[in-house]
Amino acid sequence: MVLKVYGPHFASPKRALVTLIEKGVAFETIPVDLMKGEHKQPAYLALQPFGTVPAVVDGDYKIFESRAVMRYVAEKYRSQGPDLLGKTVEDRGQVEQWLDVEATTYHPPLLNLTLHIMFASVMGFPSDEKLIKESEEKLAGVLDVYEAHLSKSKYLAGDFVSLADLAHLPFTDYLVGPIGKAYMIKDRKHVSAWWDDISSRPAWKETVAKYSFPA
């Protein structure tokens, strides 16, 4: 039975999709219409009790949360495609460290920018300019740390592309695109080089080409 990914067109599920494509794993996608509330229906809540995307079904096995799905796929299919977890326990420690940084430090201010610049009007709440300013300042500070780190390391976890890098792709793509703050990446030499590298990977290009919302 082919692995199924629910909600492919949204940003967080793309973490799972790019990992699956990198590893060469066959899968199918099932759309979830958040605007119609499909994510709050009993059938979907049976897969993801918190009502967010993605949810993944792999035979009889169910898993949700995009970074957990990334880890699951990279571990289960470790023998095929690029090793996204590292070759040593020390490598793995760095991958996990930067995955945590992405989830707890990088993502929160970027999510605020995403919601209040891209989706406030669609979701029916007023855009909070004060929060936008504070979030941009917070993200700038985080990116300054990335700049220093990436001046000494090609990728976040070392000299190899890992889940830590891939986890940044979906929302950073928003940052340099529809959010309109590409300068936050481009003005930092080493962050910019890293972004150009990871966003040029064929797996990410395929993810964007196949699973973005129609214009």
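Just so you know, glycine gets a Cβ as well, placed from its N, Cα and C.
Swiss-Prot lists ALA11, SER12, HIS39, LYS40, THR52, VAL53, GLU65, SER66 with the feature glutathione binding site. DSSP assigns HIS39 (glutathione binding site) to a helix in the three-state reduction. In sequence order, GLY7, VAL32, LEU45, GLN48, GLY51, THR52, VAL53 are the residues of the chain that are 6 or more apart from HIS39 (glutathione binding site) and have a CB within less than 8 Å of its CB.
The domain 'GST N-terminal' annotation in Swiss-Prot covers 2-81, and the record cites sequence analysis as its basis.
What Swiss-Prot lists as domain 'GST C-terminal' is 88-215, and the listing cites sequence analysis.
Here Swiss-Prot flags SER12 as phosphoserine. Within 10 Å of the C-beta of SER12 (glutathione binding site) there are 19 other C-beta atoms, taking all protein chains into account.
Residues or ranges marked as methionine sulfoxide in Swiss-Prot: MET35 (among others). There are 8 other Cβ atoms within 10 Å of the Cβ belonging to MET35 (methionine sulfoxide).
The methionine sulfoxide annotation in Swiss-Prot covers MET118 (among others) and rests on experimental evidence. The Cβ neighbour count for MET118 (methionine sulfoxide), using a 10 Å radius over every protein chain in view, is 17.
In the three-state DSSP reading, MET123 (methionine sulfoxide) counts as helix. The Cβ of MET123 (methionine sulfoxide) has 11 neighbouring Cβ atoms from other residues within 10 Å, across all protein chains displayed. Under the heading methionine sulfoxide, Swiss-Prot lists MET123 (among others).
Under DSSP, MET184 (methionine sulfoxide) is assigned to a helix (H, G or I) in the three-state scheme. Under the heading methionine sulfoxide, Swiss-Prot lists MET184 (among others), citing experimental evidence as support.
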Candidates ALA11, VAL53, MET184: member of the recorded positions with the richest Cβ shell (10 Å): VAL53
Between MET123 (methionine sulfoxide) and GLU65 (glutathione binding site): CA-CA distance (Å): 22
Maximum Cα-Cα separation (Å), residues ALA11, SER12, HIS39, LYS40, THR52, VAL53, GLU65, SER66 listed as binding glutathione: 18
VAL53 (glutathione binding site) - helix vs strand vs coil (DSSP): coil
